[in-house]
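Some notes on the structure that comes next.
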Number of protein chains: 2
Amino acid sequence: MPHHRANADAQLEAALDLLRANHQRVTEPRKAILGILSREHGPFTAEELHKRMKKDTCDLVTIYRSLAVMEESGAVRRCDFGDAAYRYEINTGDHHHHHIVCRSCHEAKTLDMCVADGLERMARQLGYTKVTHLLEVFGVCPQCQENANKQPRPHKN
Amino acid sequence: MPHHRANADAQLEAALDLLRANHQRVTEPRKAILGILSREHGPFTAEELHKRMKKDTCDLVTIYRSLAVMEESGAVRRCDFGDAAYRYEINTGDHHHHHIVCRSCHEAKTLDMCVADGLERMARQLGYTKVTHLLEVFGVCPQCQENANKQPRPHKN
DNA sequence: ATTAGTGCAAATCTTTTGCAGTATA
DNA sequence: TATACTGCAAAAGATTTGCACTAAT
């Protein structure tokens, strides 16, 4: 996979354009958040984003507020891994996907497919509107299994 | 569907037996929680369970602690509807299922099927162990759509 | 110049923990 | 009676809000 950098830049620009299109201001904190989300493999919690920024980029509160507005404009997407902390990833929009999340280190791999369309259809037939779904797979990754005997890979939360 | 009551009683007894089998004590608060979960259609949050009990049955804290131990012994199952509050249902154990949850009133209908088995298999092929998944469908139920013009159906949280 | 965005402090909401007292097996 | 369970108060962690200040458009 070449052009990692170029691809990240393109994602970042697309996200910033979404902000502009939605009459939201392009500020340093927002550029910082989207920069991380486009360059590093997430998704990340607000806390994790904050730690990844260089010191004094912005307050943690600003990250929460920025993520909220950026989700509304479609620049980012919120993920729920069932562990009491929301995570965010950049919204490429081009395809629907889910994750395999390690129970030990919390690292998430992307699954470029979805099997829940049938369920959504069923929900619509039952008369529901604005139908969406939540689908995540959990397990212990090979890396963590290996480290299990020794030291478990550390993770926040 | 006849025998609602009898069925609820059977579920309750089965759950209590699970507690005994796991050397956990059968106390009033636990009987109250399992009673509600077996008789009423959930799943419910700790708070909702507390409100449904007759006054002074037990403290909210006890509900949290009871749910934790009862989940360990398999008497109840925890559901995550992606809204920052865990919900619990009685674990009948006989079949895997998921829910359609209304975004407005939070009422959950049970979906007696699952389409994520393929994803679990894929995760195992990737080397993950202890694989499970989280799958929920969301929408606005017909009832709430109808009430939308008038008063939205109230919901906690 | 407007108005959205920000920092700081404090509030909120859900869940957890410490500890001394109570009840179950 | 031994030890798990409970109540109360208080802590903890994630997220939100109030308000005065700052900066993007």
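Here the Cβ of each residue, glycine as well, is placed from N, Cα and C on the backbone.
Within the same chain, residues at least six positions away from A:H133 (Fe cation binding site) with a Cβ under 8 Å of its Cβ are A:A116, A:L119, A:E120. What TrEMBL lists as Fe cation binding site is A:H96, A:H133.
The Zn(2+) binding site feature in TrEMBL is assigned to A:C102, A:C105, A:C141, A:C144.
Each of the binding-site residues A:C105, A:C141, A:C144 was scored by the number of other CB atoms within 10 A of its CB, and the lowest score belongs to A:C105. Listed binding-site residues (A:H96, A:C105, A:H133, A:C141, A:C144) with a CB under 8 Å from any chain B CB: A:H133, A:C141.
If you measure from the Cα atom of A:H96 (Fe cation binding site) to that of A:C102 (Zn(2+) binding site), you get 20 Å.
Close to A:C102 (Zn(2+) binding site) in the fold, though at least 6 residues off in sequence, lie A:A108, A:F138, A:G139, A:V140, A:C141, A:Q143, A:C144, each with a CB less than 8 Å from its CB.
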